[in-house]
Each structure stands twice: as structure tokens, then as C-alpha cells.
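Annotated signal peptide per TrEMBL: 1-18, in sequence order. If you look up TrEMBL, you'll see 42-237 marked as domain 'Neurotransmitter-gated ion-channel ligand-binding'. Residues or ranges marked as transmembrane segment by TrEMBL: 238-257, 269-287, 299-325, 415-436. Annotated domain 'Neurotransmitter-gated ion-channel transmembrane' per TrEMBL: 247-336, in sequence order.
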Ligand SMILES: *[C@@H]1O[C@H](CO)[C@@H](O)[C@H](O)[C@H]1NC(C)=O
Ligand SMILES: *[C@@H]1O[C@H](CO)[C@@H](O)[C@H](O)[C@H]1NC(C)=O
Ligand SMILES: *[C@@H]1O[C@H](CO)[C@@H](O)[C@H](O)[C@H]1NC(C)=O
């Protein structure tokens, strides 16, 4: 009678009837679900050990944080949904004001000990979410987002026009496939669509798709169930093209255009060597980007090395042409000519001496050279000087006092033209082949 009176009073006050149990805590009390209840935490929650626990898993890509080719690590931020049935937990929502789901601290219940095979840091950093949901059927759902630092074998052959596929494999630590089955709850196209919607940050990379596959992994005579998610990403090449490929191409064009610089004098050689040095600085940057453990020589390395080799050849050609031209200028006052001049000078001296000696006059004596320099000799020195000047400024004109063209200058000119065309066509062919290979 007294309790009924109390119930009426509470109902009047707008409170729910004390006979009803509507708190979440009531469900925990009903289930005897507490932090230290070992029934729920110590063993796999099945009523028959022969029936494995099926864990449904979904993984979405949330961000691509870092991809390092050098160390072959792929660091995504992923979001994982886990769902499994706990046969020890169930209640009738009708008895609890229709509560069909309750969130409890994660450590109240058994959880599958899933790990990621490719993860290279301590596992306890992942699956840290403090709560999980239980439905009245006993379906437990857990979701968590975390960073995975995974190893990923990257193929940089086509860098920077490459596509990388990195795996993230979920596997249980101790439960073999007799106890624990892993199942994807969504198909690949669904996961890809979901990831595209969630994706926050991609950086240098474009997300392509996620595929999921179930795999059995055999170890020490036992079999494990695993779920392999393959994330495919594609590099955005613009940055590398702008900062690396184009500058090298520009240097190559500069080298090609340097054929217009005159071969005489040292400017051409200096210019070419400077361009070559600039390329070798860029090669150092490449060394920073690419991993040293590539099986195949990456195309970008080929690009650099071959262009470097082309430019080296062009420097060598310039040196050769310069050498030939120098030979011309040295060869032009040939020893033969010099001898004739010497003789001429000697003859002059003697003839002067002849003129001078018979007269014996003082004027004649003064006209004779004091230090043995005759007019012929002076003339010869002037001619010599003129010849060097002429040799320096116009190598392509005819030799001194003769009508025959300079032999070496002509050869050098031919080498120059032939080399330029050969160089130009090899460069074009090489770039074309490389481009085809790169975009294949
Ligand atoms: C609830 O669990 C505790 C151990 O955590 C146990 O001592 C107690 O007897 C259980 N109560 C019921 C009603 O099962
Ligand atoms: C993937 O799953 C979604 C819903 O989960 C479904 O609509 C779609 O048809 C499935 N696609 C394939 C290829 O099975
Ligand atoms: C994902 O992308 C890769 C590479 O583009 C392709 O080979 C594969 O078929 C794609 N998978 C799906 C499910 O679309």
C-alpha cells in the first residue's frame, strides 16, 4: 500500500515509474558486466568452442600522411570498423525501456587481438578507443582511427609517374582460423567510395582505390585467417616535373644552343662545363629521393645519366674542336716559312753588311744595327705579330700570304656540324623513347 502510494506520487511528479528500469547501468547490472568480471574478458565469447567467432571488418582510408620511397614506408591514417557476436551478452529491450544498444568501456569485454602485419611500431598504439557498443543481440561493434606506419615495397621504376600499391593486412595474434574468422563487411567498390568521401589529406598522392581480399596464412603448421587491404595511390608528378625534369631539359637546350657560340676563345667550353656542373648538382637531389635498393634502374636515373653523358660528349667535342683550331694557328707559321724568313733576315744582314763595309762611312755605320737587328728582322717580328693577331681573330680565313684554306679549321667545322646534328637527333630519339616507356 505504501509503495503504491509512493509510485503514484512519483508519477504525478512527472518521473518515470520506479518499477521500470531505464538506465544503461541497469543493463550492465542485469548482465553483471563489470570491469573485473572475468567471464567476459578472459575467453572468447562463444557457447560452443567448435563454432568460431566471426569478426567482420571494414577499413577506410582517412589520410595519406607520409610516403617515403627511400625507407619504403607508407603512413596512412585509417578508420577501422570491427563487428563480432558476443554470445554471452543479450537482453530484451522491452524490459529496459527499449534500450537496444549500450556503450561500455572497451576493457569490459573480450576483443579480438587483431594486429597489422606491415605495421612496424608497437601494436599497443592502435585500437585505443575507450568505448565499444553492444546491441541487445550481443553484436559488439568497435571503431577506431589510427595511424599505421607500414612497410610497403615500392617500385620506383616509373618515378615520378608511378602508382604504388601498399598492403595492410589484419591478422589475429593467437587465434587460428579454428577460433576466429575474418570477414570483410563491405566490398572493394564500397570501401573505395567511402574512402573517397572521408579522405582529408593526400599531399603529393592521389588515392585510386582500395581492394580487399581474404587470405589464409600458414605458419608452423597452423592456419590463420587474414584480411588484406590493398591501397592503390598515384603520384602527382607535377612537382617533380617542375623542379627536376624540366630544369634538366632546359640545361640540355642551353647546351644545344651553345653550338652557336664561336669556337675560338674559351667561352664555349666554360659555358658547357658550367651547364654540366649544374646538372651534377641536380643529380645529388635525385640521390636523396630514390631508394638505393631498386632492382631496376629507375627511368629518371636513366634520364639524368644519359643526358649527363650527352653533355659530356658535347664538352669533349668542344675540346677536340678547340684543339684542332689551336693546331691550325700553331701550324700556320710553319717551320718552313720561318726558315725562309730567317734566311731572308740573314741575307739582309749580310747584304747590309756588304753595303756598309766597303763605304766605311760613319753614316753607314749608324745605319747598321748595333745589336744585330736588321730591318728584315724587324719586319719579320712585325709580320710574326700580325700573324698571331690574325690567327686569333679569323681562323677561317686563308693563311698568311697564301691562298690555301686552313686544313684543320675546315675539319673542325665539319666535325662541329656533324656532331650537332648527331647530338640533336640522338637527344630527340632518346627523349621520345623514354617518354613512351614512361607513359606505357
Ligand atoms: C557478478 O560477478 C562477480 C564477479 O565479478 C561475482 O562475484 C558475482 O557473484 C556475480 N553476480 C551474479 C549475480 O552473477
Ligand atoms: C558492393 O556493396 C554494395 C552495398 O554494400 C552493393 O550495393 C554493391 O552492389 C556491391 N558491389 C559489388 C560489385 O558487389
Ligand atoms: C584498383 O586500381 C588498380 C590500379 O589502377 C586496378 O588494377 C584495379 O582493378 C582497381 N580495382 C578496383 C576494384 O577497382
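Keep in mind that glycine also has a Cβ here, set from the backbone N, Cα and C atoms.
Note that the coordinates shown come from a computational prediction; the quantities given were computed from them, not determined experimentally.
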Within-chain partners of the transmembrane segment (238-257) [C-beta distance under 8 Å, separation at least 6 from its ends]: 159-160, 204, 271-272, 275, 278-279, 282, 285-286, 300, 303-304, 307, 310-311, 314, 420, 423-424, 427
Residue numbers, six or more beyond the limits of the transmembrane segment (415-436), whose CB comes under 8 Å of its CB atoms: 252, 256, 259, 263, 299, 302-303, 306-307, 310, 313-314, 317, 320-321, 324
Counts of helix, strand and coil residues, the domain 'Neurotransmitter-gated ion-channel transmembrane' (247-336), according to DSSP: 72 helix, 0 strand, 18 coil
